[in-house]
Amino acid sequence: MADAPGDQLHADQSISTFTSALWFNAAVAGGYFTAFLVLRRYRPRVYKPRTFLVEKSRQPPPIDDGLVTWIWTLLRLPDKDVLQAIGLDRFMVLRFLRMAIVTFVSFSLLAVPILIPINLVDQRDSEGLNRLTMGNVKDPERTWAHLVLSVVLSVGIIYYTYRETRTFLVLRRQYLLSPEYATSVTARTLYVPSIPPSVNNVKALTKIFSRFPGGVRRIWLTRNMKDLPDTVVERQTHVANLEKALTTTISACYKYYAKKGRHVELESGPKSMIPEKLRPTHRVSSLPLPFSLPLVGRKVDSIDYYHEQIHELNEKILRAQRSPESYAQLSSAFIEFNQQIAAHMAAQCVIHSKALQMAPRFVQIAPTDIIWDNMNIKSLERLGRRVISWALTTAIVIFWAIPSKDIIVTFVQAVSNIQSLAKVLPFLTVLEELPTTVVGIIQGIFPAIALAILVALVPIIFRFLSVQEGIPQNSMVDLSLLHKYFFFLFIDVVLVSTIAGGAINTFVAIKENPLNVVNMLAETLPKASTFFITYVMLQSFTSGQSMLQLVPLILSYVLPFLSTTPRDIYIRKGKCPNIQLGTLIPTHTVIFVLGIEYSVIAPLILPFVCLYFILQYFVYLYQFLFVYEMGYESGGLAFPRAIRHVYIGMFTWQLTMIGLFAVQKALPQMIIMIITLVVSCSALALYDMSFKPLFKYLPVHEDEKEMKKIVSKTGSEAAAAAANAFTFDDDKRILTEPDKEEESDLEEEQDDDGIAFEEEQQDDYGYQLRRRKRRESETTAVVVDAYHARDTLRKRIREQMRHSTQSIANNTSFAVNSARLMFHVESYMHPSLYRMQPTVWLPEDDLGIARYEMELLKKLDIRTSCEGVKAMHRGKRGQKTKIVVDESLIIDGGKGVPGEVPSQNENSRINDYVRHVQDSYNIVEALALTI
């Protein structure tokens, strides 16, 4: 794809390389995009799954469905609608891309018409594209233009980063104070690691943290679950294996009887309809291996074996779940406060007199975001792990560029400079005899493809290192990966690649005259631009490939043949693909850095940088709205890290300009550039001092004021949700016995969803605050210990069900609020403690095999269902079987696997959780299963 990032000795080779890469990549990108336009309307599960797989409030706004007219509609969508649909994390990625577009488009219009003539006319006799670079300038007086434009770009970057950061902080405050988030358990919960044994109990922690406004509502002490999580996973594996065995057996029986050419005698019993030779078998080895070996171990009937194993594991897991106190405590806990601001205050205060005890503390840690294996890592150990992780990261970066003997990245770049390479390796002179077009393609395409393959392995390694640091959140692992991956790209792609193309020439020059090395490297910087111009160009044209999603498209045709069970089909069709900002953002910021680095040195790069960000903005606006989901929501915390990458790139560029002015003997320009560098460093220091505390924490004085403003803007529905959350005390309503007056209030104070609230509170915000303050003044919660609270709730439900199960079904308020409270009290328990047994989901068949198996499973207290799926026999004489899932119910309707209640670990939005339970499941049965 790219030329060598060094001296292009022949002009025709330089231009040939550039034009070959340009036309080849443009043609490929055009083909990809045309295919996308055609396929987008016919493969909605590949190209727009978010239109039906996420809840309606987060689905993208409707757009025109024409072949190309939808593009204009998409680009005109209001920011408010986009933010509502995709969340703040992805929205800030789009804001960053827009900032890049404004920066580089405006600077391109200014710099290109000024610098290219200055670099080109009446200067050195450089060849090819190098005539357009600053390296072609021999008159120091002409570098004043480069200086002025450098200062303008520096000021522009500082201005835009400050402006966008202010916008980000406004959006982040709105997110933190929005009714949906502010009323969630995540907003009020603090994670505390490294708790000394003397205070690692509910009573001591309550005493410590009750000093903060509103006091403590609930405490979760983390526990060492030993082998329980593995047991839960083992049970899930057995369920999947049983489903596969039975589904395969049903298909085999259909085929068997169709081939026999006779009707099935159903009255003879379904069990007899499975010929002995069709019953699946496998071998069970006594060896502790995660897989079975052929001819090793005893042979068992698979169906009967999985029946027994699931039954035994169900009993084992249920016993463990009923006695969580039997598991040893770990050195960490989750503290839920009655006020959101209390969690933010507690995170910033000095809690313990000893260093690294009960610190650092984390806010905004959602149940879905927790890395449970890192819950017992103490702060000192975490610090040591981080040092080791970054040491290994640095070693990987260094040795990836310069491994033991060969130089991988350097070789990839140097091989594109065929003429220079042939000087060192004479047997490669045959390559010089190839046609110019072939050489251009080799030099223009091969290096980038090889480099892309090499760097693909790096994020996997870096993510593993980040997890091993002991980071407690998946979102923070992604942010750690973001820095590591940028560090890698910046060093190995930007800096090393700049030097690599000139490395061979530099080696020859040093052999002839060691004193030439300084001048040689000074000339290399401008001449390296051809490689990066082509690199940016290729990255721009990959937008077509990103839109087409070739791999998911191919898999959408292949995977149906591999999906043998209803659960396989649901997993394949029922979820949107995830995107990781830890690898996405560095690819954008490194292009931003390249644009800055060569903006004045080689202004020809600017149009391609503009093209890159314009196309990428369009791609990810569409992908975020219609395709990708995220496994977490951090509230846009990746954005400040992207801004820091911009400053790193700006400092590197300014140092480069200082060196170039020195080589040009332009002393005044060099001095002014040094001053610009100092000012830029001061701007970053001021940036950190002004904004950094606000990235994590909520300002104290704006809590209620901002909440009032947000509630007034978000409409009656959001206001009602806020009123309900602020004034409805689930603990006191459910965990204590209400009097008759309260019971009548419960019947009156409920909306269409059965969630209680008072009508007056929708409109009177002052009344909301008074009720909120009065409730928060009662600092003693009914039950602080989460495990005790769950036991209390179970007893209450058991008493109600003993009295009358039908009364619970009729009392929607009690049922819904019990589900809400169960969600809360189990939120920060280990998922294995509340994971209910999975449903054995079988396709209903005309032979009656599935129904017969369901009866057997029910006798073993194993949950099973045939809802929403059927085995259809088709083809000639009915010899083919197809598993058909009712997608309108199971997938599009959001029901999911029948009988499986969504857990906190899978659904962080309480309203979605309750609504799913209420709409998709018998809520009385769901509550009964929790006890």
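Cβ coordinates come from backbone N, Cα and C, glycine included.
Copied from TrEMBL, the annotated features are:
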COMPBIAS  739-759  compositional bias 'Acidic residues'
DOMAIN    18-164  domain 'CSC1/OSCA1-like N-terminal transmembrane'
DOMAIN    187-374  domain 'CSC1/OSCA1-like cytosolic'
DOMAIN    385-661  domain 'CSC1/OSCA1-like 7TM region'
DOMAIN    812-868  domain '10TM putative phosphate transporter extracellular tail'
TRANSMEM  20-39  transmembrane segment
TRANSMEM  96-116  transmembrane segment
TRANSMEM  144-162  transmembrane segment
TRANSMEM  383-402  transmembrane segment
TRANSMEM  441-465  transmembrane segment
TRANSMEM  486-510  transmembrane segment
TRANSMEM  530-559  transmembrane segment
TRANSMEM  604-625  transmembrane segment
TRANSMEM  646-664  transmembrane segment
TRANSMEM  670-687  transmembrane segment
Paired segments the transmembrane segment (96-116) and the transmembrane segment (670-687) in contact, 3+ CB pairs under 8 A:
no
Looking at the transmembrane segment (530-559) and the transmembrane segment (20-39), are there 3+ C-beta pairs under 8 A, with each pair at least 6 apart in sequence?
yes
For a three-state summary based on DSSP, what are the helix, strand and coil counts in the domain 'CSC1/OSCA1-like N-terminal transmembrane' (18-164)?
114 helix, 0 strand, 33 coil
Positions whose Cβ lies under 8 angstroms from the transmembrane segment (144-162), at least six residues beyond its ends:
99, 102-103, 106-107, 110-111, 114-115, 118, 134, 137, 596, 599-600, 643, 646-647, 650, 654, 657, 661, 666, 669, 672-673, 676, 679-680, 683, 687
Helix, strand and coil totals (DSSP H, G, I; E, B; other) for the domain '10TM putative phosphate transporter extracellular tail' (812-868):
30 helix, 5 strand, 22 coil
